[in-house]
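The domain 'ABC transmembrane type-1' annotation in TrEMBL covers A:79-295. Feature annotation from TrEMBL assigns transmembrane segment to A:23-46, A:83-104, A:116-136, A:167-188, A:225-245, A:274-297.
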Amino acid sequence: MTGSGLPRQSSPRRRRRSQWRGLAYIAPAMALVIVFFIMPVLFTGWMSLHNWPLMGASRWIGFNNYFRMYNDSRFITALNFTAYYTVIVTIAIFSVAFPLAIFVEKERQFVSAYRTIIFLPVVVGLATASLLWVWLANVDSGFIGPALKGLDLVAKSPNLLATFDTAFLTIVVMVVWKIAGFTMIILLTGLQAIPAELNEAARIDGAGRWQRFVHLTLPLMRKTIALALIVSVTGSILAFDQFYIMTAGGPQNKMISVVYYIFNQSFVSFNLGYGAALSIALLAILVAISIVQLWLLRAGEDHP
Amino acid sequence: MIKRLIAATSIATLCLVSGAAAAEKVEMWVRSGIGDAFKKVVEAYNANHENQVVATEVPFSELVQKYATAIAGGQAPDALSMDLIYNPAFAAAGQLEDLTDWAKALPYFNSLSPSHVRLGTYQDRIYGLPLSVETSVFAWNKDLYKKAGLDPEKAPATWDEITANAEKIRALGEDTYGFYFSGGGCGGCMIFTFTPLVWGAGADILSADSKAATLDTPQMRKAVDIYRNMVKKDLVPAGAASDNGANFLTFTNGKIGQQSLGAFAIGTLVTEHPDINFGVTLIPGVEGTPSSFAGGDNFVITKGTKKIDAVKEFLEYVYSVDGQKVMAKYGSLPTRGDIADKVLEGLDPRMQVGLKAIGVAKTPYTLQFNDLINSANGPWASFTNAAIFGDDVDGAFSSAQSEMQSIIDSGQ
């Protein structure tokens, strides 16, 4: 992490001094990480070994909270749902953001206006966006349902949040609307980092638009795409606000994500200890998935 | 570490407070959506007392976790208007002030609503006293009855009658509906308005000792059928399927023919929607015998508050004839039996129906009320949604029954 592996030519003394200097530079950041990440994680780990009610005294129970997870069907359901949501949403965001990035990359008229418009929802808070969409989706006083009815597309204004399929679709559309602009910006920087000469050369060699995209743009974008995917996957696995606000986990508890389940265990059932154990498990899953993703990225680097 | 932080913050708060004037400011929380009675009694108290009560409304579905986390974080209000069903759990956790001696010294102690005092008592000590008494009742819109050719003065006594009336009212037009209920994700609403259907018929969702889930009964099947049928016939607005309780008072829009409501809604309707001409009766059971939910709020004091005397002064005002009259005017039934007649004197006669409901009403008793019933993700909320709006009624019964039982079993 401190760069000691780099094959630099310098005297040991100077190297040691520059290491200390480097450490001093990152000390404030390290302090933040220790106080706001490492310590809470350690504390959560400590809590997870207790029967820890929100009110009253806690009691040491060893690893019982972890054994409990294996038989907790609601936790397994939440895990499955979160995985399903993550896959769908990641694909959806990516397939909207990539074409948008290509669209706004070229210099054309009003291009900065397009970029701004697409990026605007990103600055809205997720909770605010969720509330906005709850209103949009409202069957009587909202916009979508009454508009569909007004256009005579449906006979009766539909209650989008009342069934799993329509509610899930509404949430996915909301999240894509909210996040795609951010992913677009990431991909845009990747696109702009590709030297124009390469494209030029490929064109002179007779490569068509599609060929250039597949054999030039995509390979060079590999790192950027990986970053966009990692950000999206991590964010989706931690999804909570939209389910809590838009459907309260409904209909019929079919939309309870892992974080939502942790929230319920901690603050509805008041089992802080079990909630802590679930958090540690989720952290382990996140770390594992990120390691796999980073490994896939590295593996590709050796033979581009 | 965290304890020290909490201590530091509370010391800081204390310094701020002791710098203020001699008059005390009592912080109090109240759940939103139960009507105006409490807000109005606070206004009346503040107007002629030196001490002041600052009431903060908290969404009723979040009050329990907000209060519990506030206690854990040392930020709890001095006092709370708490749904009485939660009182035992908080008392058992040792978070509330023991009010036994003071309460028993009140000259009218024995005439305070007994079920409230029962739920406020834990191991023979009293931690909560009645603040508002609430029953569920059935309301119908007389104007819509008239328009639909029904007798507006005739209260329906069976669900067959209610369904038939609902069909006639629905026939009036596009946005006029025969019936409404907050059924999509509001366990608290449904225990309040829907279980009286089975209680009246002698069934219950929990055994008498709260150790067994008894959801799957012929009475409950019948109750579910009644509601399903009305949904299928389009007599209920589509919004009911996703209502989390936010639209509990949809009846006030004047386009709902019939709805089960709390007695508090009588006060809200009378004072805020005087244009709605409505009648009130008891909620019929599936076999006709009416029932009701006896609920409401208890007044609890957070353990360790420095303002306990000011809090007591406020509660004594609430119990005075003046205080009780203000509460009753805005819909809360009298908490003191000895002056009930005096309090309701000159008030809307429909309030008497709410009082009558107390005679047939039930209050479920379980320490796991939130997990089982009130939580939006509990088995009761998801059962009512699945059974009434879903495709698989049998599946809804069996999965809710087994989930309820497993929650009961895991809670020792």
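From the backbone N, Cα and C atoms, a Cβ is placed for every residue, glycine too.
In TrEMBL, annotation is done automatically, which means it is predicted and not curated.
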Tertiary contacts of the transmembrane segment (A:23-46) (same chain, 6+ residues out, Cβ under 8 Å):
2, 276, 279-280, 283
Determine which residues of the chain contact the transmembrane segment (A:116-136) at the Cβ level, with the cut-off under 8 Å and only residues 6 or more beyond its ends counted.
100, 104, 142-144, 161, 170-171, 174, 177-182, 184-185, 241-242, 245-246
Tertiary contacts of the transmembrane segment (A:274-297), as residues 6+ beyond its ends and Cβ separation under 8 Å:
41, 44-45, 47-48, 52, 65-66, 68-69, 75, 222-223, 226, 229-230, 233-234, 237-238, 258-259, 261-263, 265-267
Do any residues of this chain, six or more beyond the ends of the transmembrane segment (A:167-188), have a C-beta under 8 angstroms from a C-beta of it, and if so which?
85, 88-89, 92-94, 96-98, 100-101, 104-105, 115, 118-122, 124, 126, 129-130, 133, 137, 160-161, 221, 224-225, 227-228, 231-232, 235, 239, 242-243, 246-247, 250-251, 255
